[in-house]
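Input: a single structure, listed below in structure tokens.
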Ligand SMILES: Nc1ncnc2c1ncn2[C@@H]1O[C@H](COP(=O)(O)OP(=O)(O)O)[C@@H](O)[C@H]1O
Ligand SMILES: N[C@@H](CCC(=O)OP(=O)(O)O)C(=O)O
């Protein structure tokens, strides 16, 4: 076992993506036996304390079967209608399979726009982290009904990577119909060789990655792109075959299955770099000495009680500067409340947030995961 595979054994938060090509048994409708096997494996992982988020395709393919269509519809509206029909079968199948293992599930439909908008990004993140904390397994797909041509992910590989960033997963597992990524498309090259471990940021991967099959959409190109996205938050990606017996269990044991695409930076460095890149902050909060100490020395979240003053206009989800009372900038962070709201709750305990604002979205102003020090 390589050191990097060994590291996967310690990964606590996983995003697992299952593609259409795999789920729908060559266009014959949902492959219930295969779904049951993945669900059994996921239930066992959850039992071991691994936090899971599932991104599953298959809505369009299942909708096509339900409507008796032989080929993927051309028109956007027909595709959207098929997705709406098929999504019912998809979540129903997951719900009933997971229920057999006493696992609760939740359906989340997302668009690219949802994650590009900071407010909605934070809302999606809060919902997902709440579900994870409650040990409920979110089952995510693209919200095909409202997604139009330009804003469609078009493939769920990208969506899965964005979700991995959103929940700060340590590993993204992309299950597909091949053993992993090969140096050429194995569908057309019998002597293609499997790549066991690569750097996600290696540009030469694009030349080796081809497009997808009839049911799947993106092929290997979107999987490489997804691994690069995931790497931005320090998340490693594994591309493996969903048909390999006990694939998830074996990956969790550190077995060298499929292709491991490694990030260049670990998750904390990546997150810090992302936040630190936001040199243009939307405003400032001035912290008292106790809050500075809690953040810097104890790695805590920033609470309203530690705020002395607010400067500038900012909205929920913007990056702001955290200053000490001497005017020195100590950190930047993604704030959960607007400047107006912080003005009302500054110096108060978190219990007062709902009293003063009439609602409470988060008990901390800036979560410790969203703080980068200077
Ligand atoms: N270098 C490569 N290695 C492995 N598979 C590749 C490669 N290039 C292209 N592919 C194709 O990608 C397909 C998987 O992607 P896709 O059809 O989109 O499935 P999914 O629905 O799982 O996303 C494989 O069946 C394979 O033919
Ligand atoms: N969201 C849609 C399409 C997603 C899609 O085709 O993705 P994939 O098969 O993973 O490349 C669906 O559920 O059918």
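Cβ coordinates come from backbone N, Cα and C, glycine included.
There are 26 other Cβ atoms within 10 Å of the Cβ belonging to residue 176 (ATP binding site). According to TrEMBL, the ATP binding site annotation covers 17, 176, 177.
Taking all protein chains in view, 22 other C-beta atoms sit within 10 angstroms of the C-beta of residue 144 (substrate binding site). The annotation substrate binding site is assigned in TrEMBL to 57, 144, 156.
Look at TrEMBL and you will find 283-366 tagged as domain 'PUA'.
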Spatially, and counting Cα to Cα, which of the binding-site residues is closest to residue 156 (substrate binding site)? Options: 17, 176, 177. 17
With a 10 Å radius around each C-beta, find which of these binding-site residues (17, 57, 156, 177) has the fewest other C-beta atoms nearby. 177
Which binding-site residues from the set 57, 144, 177 come near ligand 2, judged by a Cβ under 6 Å from any of its atoms? 57, 144
If you compare CA-to-CA distances from residue 57 (substrate binding site) to each of the binding-site residues 17, 176, 177, which comes out shortest? 17
